[in-house]
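S.K.: Have a look at this one before I ask anything.
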Amino acid sequence: MAFDFFERRLKVALCRYGRVVGNYPIPFIVLPLMLTFSLAVGGFYFTGNNDIEYLFTPTDGPAKKDRDLLDSLFPMNYSGEFLANRQNDFGRYASVIIYTKKQSENILAVDSLREIFEFHDHVTETKTSIGREEYSYRQLCAKWKTQCVDPNPVLKIYNYTTQNVNFINISYPIMAGPGNISYFIGGSLGGVQFYGDTSIVKSARAILLFYPLKHSPNNIDEASVEFEEEITKMAAKNKWTKIKVTLTVSQTLANELDDIIIRMIPRLIISFFILTSFSVLSLMMTDWVTSKPVLGTLGVVSALLAVISTIGLLSYCGVPFIHLNIAMPFLTLGVGVDDMFIMIASWRTTSPRTSVPDRMAETFSEAALSITITSITDVLAFGIGAISTFPSVQIFCCYCGVAILFDYIYQITFFGGCMALIGRRERQNKHCLTYVKVLPKRESTSRCYRLFCAGGISYSTDCDDVIQDHSIMTFFNKYYGPFVTLTWVKVITVILYVAYVSVAIWGSFYASEGIQLSQLAREDSSDPNGLTYYELEESYFNEYGPVIQVIVTTPQNYSNMSTEHEIERVLAMYRTNRYFYDTEYSTQSWLRDYVEFLNKSGLTYPDEDTFVSHLRSYFLTNPLYEHYKPDIAITNNTITSSRFSVQSRYVKNVKSAQNFLHQSRKTAEDSSLPMIAYHPSFVFNDHVDVILPNTIQNIAIAASAMLVVSFLLIPQPICAFYVTLTVASIVVGVIGYMSLWSVGIDFVSMVTIVVCIGFSVDYSAHMTYAFVISNRDTRNGRTIYGLYLLGLPVVQSVASTIIAIAPLSTANTYVFRAVFKTVFLGIFFGGLHGILFLPVLLSLVGPNKSQSSKPKADEEGALGKRRLRMWMKDHRKEPPEKRCQIKITPRKVNFVNDNIDKFQFDGQIVLGENNNPGFSNVCCSRSDEYGYSSPIIPPKTRDCEEIGAKTVVVADRFGSRANSGNGCVIPYQKHDLAPNIVAIDKGYVLYISNTYIQK
């Protein structure tokens, strides 16, 4: 047919390739091992990257552009003009939450404050060394003027001593300090209780200390990182009587990502051994010759080689390794073992009496095509994920895509070569473990021997080479298939599907977008009381959020009243927004305070120059207002840019943070002045806006690409329609149910959803293809046929992949559990569609007529063998009576396609180029009660006459070599002079059933 253009040619190529592997397996084993060893040397170039901002923020996020603009207008000065609420980025820091051990105690009590001051002293006395250079806290701290900035204004109000604690009343959230300077302490104390309706603090449960550090030049940055580690160790080592300390530093998340990699390695080892055990057990049978435990182990090793090669190659190329990549080996092992099962399942359908190269050719013509489709869809899925705007997703998809590609290469080389060697062992009837030649079960007399040693084919007593189906295949064919095609079962299945889709759609409406920084951390990174820094922050510091900077980005005439009014209007808009406070302290405006200062001082400003001159000479030199210096950029007596600040409310979840970000920007953008709103947290929060569009884009591209692959490599266009329905159903199910399973749409699920599309294509495309090519008369019959062929591969695929990723479910971080949950749902729903929903759908509305016909006798090589054998098996209504082969004296064998003049049988010339007599002396057959011909191989020619059987003729040299399988010898190239073909193979006469011969 026209649609099988690519599929048929690829099959032929893989068939020929498989024959080469079968003939010369050693090079296909050695070369992949040598390649893996060479690439493993790339481990010397191994580098990691744990930069949170780089990995988990969009590369072209608006906040990054705003920050670049802010850096040019207001470069950070950590050496003399640092203000914590005017940061362009988070930089280096240590943020410490100190809280009382007992719920009823007061963190501002004398005993608690004494220990807080002791902790502060330990921090300021900490020193660190880089090389021969020693750095003190004073050298590394961010400064205002010449002093390190205070970690908390409350400590400064107390003057870092407990002497005046009982004489000082703390008002919240505004506290008047020395020199008539007011301090905002809303974010400094947590769990605050007041005296009556006053603003005087009665008690507090927690206090926040913030220690900003310099991060340039490089030696200072290295020293600051080391300093963070030292105070982390100090906080963990010291034990306090009244307080508990938990902290986070700028490298906490990065260090935890590295730690996660180390902690996941034991799980990877466990997964390797569990998968190996599963593979070995799955390939064990009661026959000790056809069992393949060693091959099961080598299949897992093949996937492991792909993992090693991937890490080595990409390390060579300078691609960094990130913590997400630790999920790559789990996925690769799952896919690799799945491919192994497909290869071995295809091998089992070949005739054990044919040569190893022939069996390899047949195996590759079917199985290699199947894993080619699987690998293409998986690599495409990861390739599409690699176009994401998140570097972490790009790197992860790069590693996974290359790993799947290597796995495919090693499956058809290394594993193929191993399969050929194991096939030779099987051909020689050797034990699968001891490699000692054993007797077939029928020739062994000892029960113990049959139980632990015997196996293989008996050439003297066994009936023809009927291949026994796997027990699970038998289950799907005889029990499960007929069961799901019952009318009442179909009705229940449809109801279940409607319920499945309904719940999935309902869950999709509750899908959250984005991820919080705290979800990247280890969930056991907590203080001894079991509370993480982020939990404490949410519990005690949940009233006041970050201070937002509102920046006027171009030069303006600030002496003009209209400019002042517009700025005040914008600030008033912020105060009325639900994400901000509407109080006198919620906004800070240098312009407002400056105009008030000018009015009180009696200074006039007839023009802009005077306005700016007074600003620089009087206002910014006043101790009450000098903190506004970092807010005003002045060049040549012109204010080129300025900024104002707005106090926000605390936002708890990703959705609120996204709305808060949008409201902040929109209010600034609605101004007639060129304004932007900025806070360093916006850089990370920008990822929420691109998650959903990126996910939809990737799903659309992936689905389109998968359909193109299906059209090209699965030669039935009707398959595309059912594939589309199944993919859409599975994607909706994954999104809906993962939302109900506490997984949002984020950079993790964005990739795994696309991967699930690849898996769902595999299940749906092959099931549909099996249905449409079946020659059975009814939809139910074709459905059962599809389940018979694909039930076992689907079950093994689902089981092996879930086993491979199962260790991820025990990870103590959200990221890996999200990978497990989404892939699990994709695999589970894919399998559920493959063996239940899709078969029932096809049995109800599938094509009425089969789109396959009896295979032609002139099909090429192993491809024709398999298609004819499967076609015949599909049409065998009842099993014919036992058909036996009787061993004759081995001798040199010539095949029909050999360019010879005659064949010999039992010492007689039975066919020559011009010698037709002798046809009746070769073999005879008779029909059984079902109308099927069974061979009778008599020891002498006269036996044919005695039983009255029809004779079976031998083809002349114009024919082609005959084929055998499932008890039949099938012609695939017919000549008018010899419509029936018999081959003599190594002393065995193989027969043909006349029922299937076109006269």
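Quick reminder: no glycine exception, Cβ is built from N, Cα and C everywhere.
Positions annotated as transmembrane segment by TrEMBL: 21-46, 264-283, 295-314, 326-347, 367-387, 393-422, 483-509, 695-714, 721-741, 747-772, 784-806, 818-845. Under the heading domain 'SSD', TrEMBL lists 259-421.
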S.K.: Which stretch, 264-283, 295-314, 326-347, 367-387, 784-806, tops the Cβ pairs under 8 Å count with the transmembrane segment (695-714)?
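M.R.: Stretch with maximum Cβ contacts: 367-387.
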S.K.: Count the Cβ pairs between the transmembrane segment (326-347) and the transmembrane segment (393-422) that lie under 8 angstroms and are 6 or more residues apart in sequence, then report whether there are at least 3.
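M.R.: Output yes: the transmembrane segment (326-347) sits against the transmembrane segment (393-422).
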S.K.: So which of 295-314, 721-741, 747-772, 818-845 has the most C-beta pairs under 8 Å when paired with the transmembrane segment (367-387)?
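M.R.: Most Cβ pairs under 8 Å with the transmembrane segment (367-387) come from 747-772.
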S.K.: Answer with yes or no whether the transmembrane segment (295-314) touches the transmembrane segment (264-283) by the criterion of at least three Cβ pairs under 8 A, sequence separation 6 or more.
M.R.: yes
S.K.: Let me check one thing: do the transmembrane segment (721-741) and the transmembrane segment (784-806) come into contact, meaning three or more Cβ pairs under 8 Å with sequence separation of at least 6?
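M.R.: As far as Cβ distances go (cut-off 8 Å, pairs 6 or more apart), the transmembrane segment (721-741) and the transmembrane segment (784-806) do not touch.
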S.K.: In the same chain, which residue numbers or ranges, 6 or more beyond the ends of the transmembrane segment (295-314), come under 8 angstroms Cβ to Cβ?
M.R.: 32-33, 35-36, 38-43, 46, 272, 275-276, 279-280, 282-283, 321, 328-329, 332-333, 335-337, 339-341, 343-344, 398-399, 402-404, 406-407, 409-411, 414-415, 418-419, 422
S.K.: Are the transmembrane segment (818-845) and the transmembrane segment (747-772) close enough to be called in contact, which here means at least 3 C-beta pairs under 8 A that are separated by 6 or more residues?
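M.R.: Answer yes, regions in contact.
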S.K.: Taking residues 6+ outside the transmembrane segment (747-772), which of them lie with a CB under 8 Å of any CB in it?
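M.R.: Answer is 56, 324, 331, 370, 373-374, 377-378, 380-382, 384-385, 388, 390, 392-393, 396-397, 400, 515, 687, 691, 694-695, 698-699, 702-703, 706, 709-710, 714, 716, 718-719, 722-723, 725-727, 730-731, 734-735, 738, 782-783, 785-786, 789-790, 793-794, 797, 801, 815, 818-819, 822-823, 825-827, 829-831, 833-834, 838-839, 842, 846-847, 850-852.
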S.K.: Residue list, the transmembrane segment (393-422) vs rest of chain: Cβ under 8 Å, 6 or more residues beyond ends.
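M.R.: That would be 14, 17-18, 21-22, 25-29, 31-33, 49, 55, 292, 294-295, 298-299, 302-303, 305-307, 309-311, 313-314, 319-322, 324-325, 327-329, 331-332, 335-336, 339-340, 343-344, 347, 356-357, 360, 363-364, 368, 371-372, 375, 378-379, 382-387, 747, 750-751, 755.
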